[in-house]
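Here the structure is laid out as structure tokens; the discussion comes afterwards.
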Amino acid sequence: MNKPFDKLKLHGFNNLTKSLSFSIYDICYAKTEQQRKEYIEYIDEQYSADRLTDILGEVVDIIGANILNVARQDYEPQGASVTILVSEEPVEEQQNYDADEAPGPLPDSVVAHLDKSHICVHTYPEAHPDDGICTFRADIEVSTCGIISPLKALNFLIHSLESDVVTIDYRVRGFTRDINGVKHYIDHAISSIQNFMTEDTKEAYQMMDVNVYQENLFHTKMMLKETDLNTYLFGLSTDDLSDEEEEEIRSKLTREMQEIFYGRNLPDLD
């Protein structure tokens with residue numbers, strides 16, 4: 001972990017823009033066409049615009065901001081999107097700002113304060129036409145202009161959504177000046193996005209970093225280590241499957257997760 005930054009005395013407003021973008025994937029197996037249809041309907045209801053608004057509202061609470069406007073929409077045949085504009089906090093409340101490179105809070109605590117932000121989410125349910133694999137993706141972006149890193153909301157979002165594979169990008173852009181006129185291109189310590197995650201999260205996932213430190217650009221990929229096949233089955237359980245079927249389904253799920261994690265199609269081994 002890097003040494004924490006000393007607090008900067010700024011000339012005017014903090015003009016740094018910090019953006020957290022990540023895609024969360026939930027993967028399952030549905031054996032029949034009817035089960036795949038029911039999975040899409042389940043996901044569409046589970047992650048409706050109303051529920052996503054509630055989740056993002058919790059994010060706003062975590063970062064200590066105020067909602068200015070909410071735009072939300074459910075789509076046909078499936079999918080939803082929500083965008084929230086957030087107001088800045090009074091200057092006197094910013095004195096409790098925590099810049100440490102450490103995990104952010106879960107939804108039962110509020111520890112950070114925000115200057116300006118927008119938060120948005122889009123969902124993409126889909127199913128393979130004939131091999132039973134179904135994948136739900138949620139794209140989320142939290143962008144702030146000010147002193148607070150949106151990484152403080154990361155833990156809550158990972159725990160709020162069913163996350164089998166996660167890809168995360170964090171970047172800091174622009175600069176802010178101190179009282180001597182010196183430009184600063186980042187105002188907090190960070191060596192890895194992983195340092196903003198709790199230990200239970202790090203233990204549950206296989207992770208890989210690709211960071212470009214000189215560009216203030218950080219990237220982390222996560223893949224769940226879960227081995228219980230029942231957690232990936234929709235509308236059936238392992239009791240309904242033969243040993244051969246279990247092995248085949250497990251192979252399909254593993255392949256799907258690895259292809260998403262590595263961002264490329266794997267060659268057939270047959």
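Just so it is clear, glycine is given a Cβ too, placed from its N, Cα and C backbone atoms.
Residues or ranges marked as active site, schiff-base intermediate with substrate in Swiss-Prot (evidence: sequence analysis): Ser117. The pyruvic acid (Ser) feature in Swiss-Prot is assigned to Ser117. Summarising the annotation, Swiss-Prot assigns active site, proton acceptor to His122 and lists sequence analysis as the type of evidence. Among the features that Swiss-Prot reports, active site, proton donor is placed at Cys145.
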What is the separation, in Å, between the Cα atoms of Cys145 (active site, proton donor) and the residue listed as 'active site, schiff-base intermediate with substrate'?
6
Cβ packing number for Ser117 (active site, schiff-base intermediate with substrate), 10 Å threshold:
24
Set of same-chain residues at least 6 away whose C-beta sits under 8 angstroms from His122 (active site, proton acceptor):
Gly79, Ala80, Ser81, Ala138, Asp139
Give the helix, strand or coil assignment DSSP yields for Cys145 (active site, proton donor).
strand
